[in-house]
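Per Swiss-Prot, active site, nucleophile is recorded for Cys381, and the stated evidence type is sequence analysis. Here Swiss-Prot flags His507, Glu509 as active site, drawing on sequence analysis. Residues or ranges marked as CTP binding site by Swiss-Prot on the basis of sequence analysis: Ser13, Asp148, Ile149, Glu150, Lys188, Thr189, Lys190, Pro191, Thr192, Gln193, Lys224. Per Swiss-Prot, the feature UTP binding site maps to Ser13, Lys188, Thr189, Lys190, Pro191, Thr192, Gln193, Lys224. Here Swiss-Prot flags Ser14, Ile15, Gly16, Lys17, Gly18, Ile19, Asp71 as ATP binding site, drawing on sequence analysis. For Asp71, Glu141, the entry in Swiss-Prot reads Mg(2+) binding site. Swiss-Prot lists Gly354, Leu382, Gly383, Met384, Gln385, Glu405, Arg462 with the feature L-glutamine binding site, giving sequence analysis as the kind of evidence. Here Swiss-Prot flags 292-534 as domain 'Glutamine amidotransferase type-1', drawing on sequence analysis. Swiss-Prot lists 1-267 with the feature region 'Amidoligase domain'.
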Amino acid sequence: MAKFVFITGGVVSSIGKGIVAASLGRLLKSRGYNVSILKLDPYLNVDPGTMSPIQHGEVFVTEDGAETDLDLGHYERFTDTAMSRLNSVTTGSIYQAVINKERRGDYNGGTVQVIPHITGEIRERIHRVAANSNADVVITEIGGTVGDIESLPFLEAIREFSGDVGRNDLAYIHVTLLPFIGTSGELKTKPTQHSVKELRSIGIQPDVLVCRSDRTISEEMKRKIGGFCGVPTRAVIPSLDAESIYAVPLTLEQEGLCREVLDVLDLTDHDSDMAAWQELVHKLRNPGPAVKVALVGKYIQLNDAYLSVVEALRHACIAQDASLDLHWVCAEQIESDGAQALLKGMDAVVVPGGFGNRGVDGKIAAIRWAREQRVPFLGLCLGMQTAVIEWARNQAGLTEATSAELDAGTPHPVIHLLPEQQDVVDLGGTMRLGVYPCRIAPDTLAHRLYGDQVVYERHRHRYEFNNAYRNLFLESGYVVSGSSPDGRLVELIELKGHPFFTACQYHPEFLSRPGRPHPLFQGLIEAAQQRLPSSPVEAIQTQR
């Protein structure tokens, strides 16, 4: 039978609950326990698929095609375990399910209420993850901050959960902040005390407190916090600001987080094997020469909009003993200032995914610059589509070429709507989503990087390369290095005679892991290193 851990947050939002959940998952897995982590999000959207990346950050896509919160990316990267649509729950999806049941008559004419129906549905979702994941421990992160109206049904549900399982079968962790007041020169515990008081008022007594701070927390302060909050001093876990999120599991291990959780859950504290993770963090702290990578996007106001792309670049740099010098470049600014002005000196260019017309011409200009200047280039999703448009306009003689998404009346729709999308009306959850196989062509850059004939990648798109122009592109120098098994869909392209120019319709960033970088990103960084003045790089084949 699975054990359950619930992680709440107090004092401020963005306190780091997701990283704590992912770190605990890593520590449990290092002891031989199977782990699954789910996120309960308090917003009314059914999923984040239609939300603005500038408001919400990136949409992380699972293997089974769920559009989820970016925290699921942290869960997968830290635990190296694939999550599913069951691991992402929103208030909107809960209410939708309950209302659908009411319409079907499942409640036999009863009055449908927040308690017990909404809270019961929430508890059922948590049990469902346990039943379908074969996990020894299910970790649940509750979004929002204790005291928010939106989070109350979730908090009530996890309070009720103690009636579903034994008290030794669940643990409550509360992540909180100890602010430093400069004028008094001390950390303050009062916000934490009030946050725990709020949590206790709804019937939840935390077993462990994870206290975020930017400076050392003394033993005396830990005793004070524990005394006021009803938590043993040893269960007050300091979590100081780290130079990298990948250092957090090691810090929490040193402070005894996993030991305390296992004690509450009455589980054996097996020996932990974190050697590979320690080596990873050592490499992060002792990087080689920096490579300058330009990320050309339209949502750069919020870095989280491209979180998985940035992490994939970091993973590749770790593997290549390089330091990532990331330059955020606004695609719209390229339209006004020119690519040369903003990209000069870059060792590589990445154009990630996106939607709509805004910034597209800037992306196309960046791609042309990378192609003509022979700078390593990687395009992702819309990045591939804009690479196709750039080639069509500047090399294939189709000066009016574009995507049907951008101009439905274009005479040359080199990118067009997938046939199965023709009659789709709703926006949410209707794209080509999830894992699909891709057949890699022999004697290509892609085959050298992947070292395999068939790979499986995650997708999120409605538009695809228009095969009516396929022969024209092939004749003019484009290489289709990856396609669907039936050959119908172009999934991966590259250019002959360029040091590194490739673009894919899928999202390889979702499959990159700290100790196992994605081949396309590692290949990009390896190619970028070749541009450094004095940094000999081993051939990428020797890395595998």
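Every residue gets a Cβ built from N, Cα and C, even glycine.
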Taking only the CA atoms, the spacing between Gly18 (ATP binding site) and Arg462 (L-glutamine binding site), expressed in whole angstrom, is 30
What residues, ordered by sequence, lie under 8 A Cβ-to-Cβ from Pro191 (UTP binding site) and sit at least six positions away in the same chain? Gly10, Val11, Thr176, Leu177, Leu178, Pro179
Most Cβ neighbours inside 10 Å, all chains, among the binding-site residues Ile15, Ile19, Ile149, Met384: Met384
From the Cα of Thr192 (CTP binding site) across to the Cα of Glu509 (active site), what is the distance in angstrom? 37
Fewest-neighbour residue among recorded positions, criterion Cβ within 10 Å, set Cys381, Leu382: Cys381
Express in Å, rounded to the nearest integer, the largest CA to CA distance found among the L-glutamine-binding residues Gly354, Leu382, Gly383, Met384, Gln385, Glu405, Arg462 named in the record. 14
With every protein chain in view, what's the tally of Cβ atoms within 10 Å of the Cβ of Gln385 (L-glutamine binding site), excluding that atom itself? 29
Looking only at DSSP and grouping its letters into three states, which state does Glu141 (Mg(2+) binding site) belong to? strand
Among the binding-site residues listed as Gln193, Leu382, Met384, the Cα nearest the Cα of Asp71 (ATP binding site) belongs to Leu382
Report, in whole Å, the straight Cα-to-Cα distance of Ile15 (ATP binding site) from Ile149 (CTP binding site). 18
Proximal but sequence-remote residues of the same chain as Glu405 (L-glutamine binding site) (Cβ under 8 Å, at least 6 apart): Phe355, Gly356, Ile415, Leu417, Arg462, Tyr463
Within 10 Å of its Cβ, which one of these binding-site residues (Lys17, Lys188, Lys224) has the largest number of other Cβ atoms? Lys17
Residues within 8 Å of the Gly354, Leu382, Gly383, Met384, Gln385, Glu405, Arg462 Cβ centre (excluding the L-glutamine site residues themselves): Gly353, Phe355, Cys381, Thr386, Ser403, Ile415, His461, Tyr463
